[in-house]
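Working notes, beginning with the structure itself.
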Amino acid sequence: MDLKEYGFINTMISEDVRGIPARVTAVHKERYELICIYGQTYGKLKASIYYNQQQESFPTTGDFVIIQYNESGDSLIIKTLERKSKFSRNNFSGHAAEYVKTVKEQVVASNFDYVFIMASLNQDFNLKRIERYLTLAWQSGGSPVVILTKSDLVDDYSEQIRAVEKIAPGIGIFAVSAKTGHGIESLSDYLKPGKTIVLLGSSGIGKSSLVNALAGEVLMAIKEIREDDSRGRHTTTHRQLIKLPSGTMVIDTPGMRELGMWDVNVGLNEAFTDVESYFGKCKFSDCRHKSEPGCAIKQAIENGELSQERWNSYLQIKSEAQFVDNRSRYLREKDARNKSIAMWKKRNRKG
């Protein structure tokens, strides 16, 4: 097995590295499916990784890692290599955001080239959700592509196309139907050997159906979904990387619809360039874009150059990102204070 078929490049590792490279193709709690020069194998983390590294350094689907290969059992994952792209979500450890004690970054997919932002043309079509996904896609390091699925269910989708073009200028936008095959060939430019695509979209949007259509065969199971609103039983239950006959890899994951706003400043700038282009045009440099005179944002909305809905979407995403950032900073500082107090008490007890 040549790992280059899975996107590996020799320059990813130094010559003195001990072990062999592998790529993570699936994650099952503390056990990992891997592909390496010896073919498919399984691996577990080296114990020290749990104690010496942050959760963000734990391997995830798409990661390239260094392993100590074991032909008779689980191999040992000793290092996660640097990522060129990644999707992260907030990990609140099972608590509601207002009660959370720790906010951690959980990486759910990595090392992809393209982000297929998937939205259905049925009643589930949601422009605000696409705006949110575009922010995440630009932040991730991958190149966004918008895929509008289930084109067979509507006679005319030109209005949806125009709506997406307004919020995603210059980005590829394709209407497809996995059921009829319509539009599938138009995606051929992205289906190159060694390239990796990650699918981003809500459950029931047709991710598994698209994978099967791209492959030309059934690679993923599909359960019954109501076509008009995408409700019903959904398919993907764990993060996995699938290799298509074309040599392209696809990462599908059930967690993508739950992605939170983790450090998305770059993504926000890219996804809302039309909004931020007005910021330097206000009369006052410290304009808060509320009731200040000479506000370029207010003027643009009044003139019809910028919609109120677009401005509200920007504020909502920025507010969520700011909340996570503030909460994370507060918890880090609180943890540092508690450790300092504990050390002070320990020294005084000894004295």
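Yeah, the Cβs are placed from backbone N, Cα and C, and that goes for glycine too.
The annotation domain 'CP-type G' is assigned in TrEMBL to 100-259. The domain 'EngC GTPase' feature in TrEMBL is assigned to 110-257. As annotated by TrEMBL, GTP binding site applies to THR149, LYS150, SER151, ASP152, GLY201, SER202, SER203, GLY204, ILE205, GLY206, LYS207, SER208, SER209. If you look up TrEMBL, you'll see CYS282, CYS287, HIS289, CYS295 marked as Zn(2+) binding site.
Between the alpha carbons (Cα) of SER151 (GTP binding site) and HIS289 (Zn(2+) binding site) lies a span of roughly 39 Å. Within the same chain, the residues at least 6 positions away from THR149 (GTP binding site) whose Cβ sits under 8 Å from its Cβ are MET118, ALA119, SER120, LEU121, VAL176, SER177, ALA178, ILE205, GLY206, SER209, LEU210, listed in sequence order.
Across the domain 'EngC GTPase' (110-257), DSSP assigns 45 helix, 33 strand, 70 coil. For the Zn(2+) site, the Cβ centre of CYS282, CYS287, HIS289, CYS295 serves as reference, and the other residues of the chain with Cβ at most 8 Å from it are TYR278, PHE279, LYS283, PHE284, ARG288, LYS290, GLU292, GLY294, ALA296, ILE297, LYS298. Fewest Cβ neighbours within 10 Å among the binding-site residues SER151, GLY201, SER203, LYS207, CYS295: this applies to SER203. Within the same chain, residues at least 6 positions away in sequence whose Cβ sits under 8 Å from that of CYS282 (Zn(2+) binding site) are HIS289, GLU292, GLY294, CYS295, ALA296, ILE297. Here CYS287 (Zn(2+) binding site) comes close to GLY294, CYS295, ALA296, ILE297: these same-chain residues lie at least six apart in sequence, with C-beta atoms under 8 angstroms from its C-beta. Its Cβ taken as reference, ILE205 (GTP binding site) is surrounded by 25 other Cβ atoms within 10 Å in the chains shown.
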